[in-house]
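Q: Reproduced below are the annotations present in Swiss-Prot:
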{"type": "SIGNAL", "residues": "1-22", "note": "signal peptide"}
{"type": "DOMAIN", "residues": "35-277", "note": "domain 'Peptidase S1'"}
{"type": "CARBOHYD", "residues": "55", "note": "N-linked glycosylation site"}
{"type": "DISULFID", "residues": "60-76", "note": "disulfide bond"}
{"type": "ACT_SITE", "residues": "75", "note": "active site, charge relay system"}
{"type": "CARBOHYD", "residues": "79", "note": "N-linked glycosylation site"}
{"type": "ACT_SITE", "residues": "124", "note": "active site, charge relay system"}
{"type": "DISULFID", "residues": "158-235", "note": "disulfide bond"}
{"type": "DISULFID", "residues": "191-214", "note": "disulfide bond"}
{"type": "DISULFID", "residues": "225-253", "note": "disulfide bond"}
{"type": "ACT_SITE", "residues": "229", "note": "active site, charge relay system"}
């Protein structure tokens, strides 16, 4: 007599488990499905975007990739041991008076990729471990990291976000609202060609390394800038946002023939996996492109 009653209970438990899993799915904002030339974002539009702060001041962006981990750029940290100086702001749309949906988290440790050797170097990635797991909300959610099988095709439109300067000369005006900018992926041979141009104007040729990715416009005018470093370049693949790159470097901001250069996340899959073994990566079969 009691046995049939166990079936609905089992179904209920399975359903509850699926709901809990769906509630923490990466790369899916719940609210919605200032860069150079950028535009204001909406509340909860990019719930993985974080502000990394030193002594209370924003200096780099980053992305929440797990409840206790943030992905950013290695060049953001000159001294990875002074963790007491750093804090991470999550769930914020603006830096001045972030609002009720935002929270601050302390930093436990910073792991910079040991292969990073300085400005415009390969391996410009770092992982920031927070002191405690953060609760996922409508405004705080992780972005998906792509499996190495995922290829972000040339011309694909992706988005870069951050609180950086709107130009080389100006600061983002208060209340410093998070900016977003759509940028197309540029293939590496073309990007190398662009970075070899204009040497008569004093530019030094730069080489786009194997773990780098270019995105932006040949004519310039729109780009990430100072203060955006470490932030995410994300692409909508299927129904999920995958982080293709980490904002790394460029020649000035939004200059002609000088698109933004990002560190390719898939190139550092093994390093990230070593530090966060339980982190799951989104494979190409779930919507990626080959």
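Cβ coordinates come from backbone N, Cα and C, glycine included.
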Q: Please report the Cα separation of residue 214 (disulfide bond) and residue 124 (active site, charge relay system) in Å, rounded to an integer.
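A: Checking the Cα atoms of residue 214 (disulfide bond) and residue 124 (active site, charge relay system) gives a distance of 14 Å.
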Q: What is the nearest of the recorded positions 75, 79, 191 to residue 124 (active site, charge relay system), using the Cα of each?
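A: Smallest Cα separation from residue 124 (active site, charge relay system) among 75, 79, 191: 75.
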Q: Please report the three-state DSSP label of residue 76 (disulfide bond).
A: helix
Q: Can you figure out which of 79, 229, 235 (the recorded positions) comes closest in space to residue 60 (disulfide bond), comparing Cα atoms?
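A: Closest candidate to residue 60 (disulfide bond), judged by Cα separation, is 229.
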Q: Could you pull the average pLDDT for the domain 'Peptidase S1' (35-277)?
A: 88
